[in-house]
Amino acid sequence: MSGSTLGKLFCVTVFGESHGPAIGCVVDGCPPGMTLGESDIQHDLDRRKPGTSRHVTQRRESDTAEILSGVYEGRTTGTPIALLIRNEDQRSKDYGNIAATFRPGHADYTYTQKYGFRDPRGGGRSSARLTAPIVGAGAIAKKWLKEKYGIVIRGYMSALGPLDIPFESWDEVDNNAFFSPNAAIVPELEQYMDALRKSGDSVGARVSVVAENVPPGWGEPLYDKLDADLAHALMGLNAVKGVEIGDGMQAARQLGTEHRDEITPAGFLSNHAGGVLGGISSGQAIVAHVAIKPTSSMRLPGRSVDLDGQPIEVVTHGRHDPCVGIRATPIVEALTAIVLMDHALRHRAQCGDVASGVPIVPARLD
């Protein structure tokens with residue numbers, strides 16, 4: 001199949017291209033009766049949209065969401081919800097010089113090999129522009145999860161290139177352009193990005209996400225485990241090259257006595273597993289991290305080939321994010337919410353009336 005749909009019971013199908021007339025998605029499976037309006041979706045879209053600081057692409061898009069179906073008199077009807085976001089600031093002429101070649105490290109080459117040709121304008125279907133409707137769908141899922149289960153999903157940037165960002169406070173995340181939870185390091189991040197932009201290069205980033213108040217029991221072993229589906233969704237985000245759940249790769253260096261999350265009647269003593277055991281939520285916070293590569297669209301020349309396989313030097317013009325990770329936090333939150341809502345509905349369908357009889361252990365010691 002085409003790979004444009006995420007989820008099984010809560011399904012999100014994305015459509016559009018970066019420089020087409022519009023982008024959007026169809027959200028199928030949202031239960032009826034939830035109050036929903038465009039303002040519920042717009043907040044997260046505004047957090048993601050371009051042109052919000054000097055450190056991101058200067059493409060100017062209002063990213064205004066239109067609800068075309070699935071909502072009547074301010075409530076979801078249980079039928080598919082269609083969201084539309086119109087593209088307003090395309091500059092397709094900026095891509096004329098790369099239409100007959102391939103940016104090294106970009107999907108230009110692989111899209112052409114797969115489909116036989118490609119839309120070169122802004123990356124076409126491979127553009128991060130397509131994450132806007134995902135954020136819209138994620139806002140719906142976040143609202144439902146919060147109202148139904150009290151689940152709160154929050155993300156932050158935990159590293160920018162070589163700069164680690166120590167976590168300090170959730171209160172700081174939306175107070176700066178980097179989604180940094182640490183106000184003290186923001187001036188250093190700004191200086192780093194200013195120098196990077198002047199150099200013409202790009203850089204990667206690490207984004208972390210935490211979902212709190214997820215009940216125990218969600219996840220479908222063996223092959224639809226909660227962490228497997230979360231990793232699958234997060235790997236679908238543009239430029240993501242790695243996903244960690246909990247301690248992730250560090251688990252390979254740990255001893256069993258260190259990694260195991262010991263349990264007491266008063267609560268779990270640690271959360272190295274990231275809230276998932278055996279592919280099923282434990283009731284602890286779901287914790288994931290994504291590694292985002294540097295964008296390949298930059299003004300520094302690089303070697304490549306043209307459509308005839310002949311060597312050529314590529315320089316990318318146009319408006320690009322020098323670090324795509326800066327705007328990724330709302331997208332990572334959205335994908336996490338979509339996966340959790342899908343699993344909430346799947347768990348309710350199969351095991352909604354199961355009573356284990358085992359007391360629920362608090363997520364952590366207070």
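Here the Cβ of each residue, glycine as well, is placed from N, Cα and C on the backbone.
Under the heading NADP(+) binding site, Swiss-Prot lists ARG48, ARG54. Annotated FMN binding site per Swiss-Prot: ARG125, SER126, SER127, ASN238, ALA239, GLY278, LYS293, PRO294, THR295, SER296, SER297, ARG319, in sequence order.
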Neighbouring C-beta atoms (10 Å sphere around the C-beta of ALA239 (FMN binding site)):
23
Highest Cβ count within 10 Å among the binding-site residues SER127, SER297: which residue is it?
SER297
Measuring CA to CA, name the entry from the binding-site residues ARG125, ALA239, LYS293, THR295 that ends up nearest ARG54 (NADP(+) binding site).
THR295
Which one of these binding-site residues has the most other Cβ atoms within 10 Å of its own Cβ: ARG54, ARG125?
ARG125
Are there any residues at least 6 positions away along the chain from ARG48 (NADP(+) binding site) with a Cβ closer than 8 Å to its Cβ? List them or say none.
ASP63, THR131, ALA132, VAL135, ARG327, PRO330, ILE331
Tell me, if you would, which residue among LYS293, THR295 (binding-site residues) has the fewest other CB atoms within 10 Å in the structure shown?
LYS293
